[in-house]
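These notes concern the structure reproduced below.
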Amino acid sequence: MTGADLPLWAAILIVTLAILGAGLSLLGAVGLTTFRTFYERVHAPTLGATLGMVLVLIASTVFFTIIDGRFMPREILIGLFLTVTTPVTLTLLARAAIFRDRTEGKKKVPATKEKSAQS
Amino acid sequence: MRAVFPHPILSLGLFAASLLMSASVAPPSLALAALAAVLAPQVMRVLSVDRVRIRSPKAVLQLAAVVAVDVIRSNWEVAWVILGRRRHERKAGFIHIPLQMRDRHGLAVLAIIITSTPGTLWVEYEAATGQLLLHVLDLVDEDEWIELIKTRYERRLMEIFE
Amino acid sequence: MSALVLAWGLGLAQLMLVAAMGLTAWRIARGPRAQDRILGMDALYLNAMLLIVVFGIRTGSPLYFEAALIIGMLGFAATVALAKFLMRGEVIE
């Protein structure tokens, strides 16, 4: 069974989900280019990394469920992995940025509260 | 039972993930999945990882529903911010939030929730004071954000983990 | 009919993702600081992964799933290593 044998409602559903997801991801990329400071820009890719990613993966799940005639949502693995890792990368990146700004003595970031020497 | 499956949730998750990876429920895939489910928790025992204790499964479902709604809502809001509505009155900034929760698993889940809702970002947490540093994209009212995170997420997470 | 809908709709989604990749690439080239470039690279990986998932739907082949999973994992490892390098000046300590 190929894409041509798909019922029309399924094709429209899949296409709608994929376009919405891709649109959110594109919007995130637009935010990445238009926001002025780094701390604002960090927020932009989370659009694609949360709802955008989920919508595209649901589109893929719907497509392969109908094509293969069985329910095997492998996309859940990608979704779970991204959900768990995105906070790690973004937090680490934000901390790296705030660390660099503090060592350069920028005024905009909150100062550290005498942390105990770590590592 | 405890000796074979010291981490039942981990075992179940690995079993399901292994089946999904091989995309079949044929006997070889089932055997591989069962092997992963039995062996991986033994590795965890060597590493002496704390066992996760979930006190109230009902609160887990409630929290999941709240977070799903919040993710969709904040995606919508951040999309509007990017499209340039209210460009002049919007101001981004850092806020400090005093947390009462000390459970490590609860804090990890809170970090995932806060970062997964676009518009808020977990920056730093100090274990000694329980102070959490957040960056918020659309900071209208600082107290409102503190209230939101404490009542919406922290209270439910403490119900689940502590 | 549904083949037509799929081809055009998924083509549009792919175009949007390619445009997103272009914008993130611009951010990588533009900077201005190292953390901006790393953030752009993280977003680039994410969009590439979504593009491959959409490609998988378009061709109807389940093989692309593995490729998408691996790109997602590589993106995570690369971004974490680079962010760690920014913070400490070394990756493994």
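Using N, Cα and C of the backbone, Cβ positions are placed for all residues, glycine too.
Within the same chain, residues 41, 43-49, 51-59, 62-63, 66-67 sit at least 6 positions outside the transmembrane segment (A:6-32) and bring their C-beta atoms closer than 8 Å to a C-beta of that stretch. Taken from TrEMBL, the feature transmembrane segment applies to A:6-32 (among others).
According to TrEMBL, the transmembrane segment annotation covers A:44-64 (among others).
If you look up TrEMBL, you'll see A:76-98 (among others) marked as transmembrane segment.
Away from its own ends, the transmembrane segment (A:44-64) comes close to residues 6, 10, 13-15, 17-18, 20-32, 35, 72-76, 78-79, 82-83, 86, 90 of its chain (Cβ-Cβ under 8 Å, at least six residues beyond either end).
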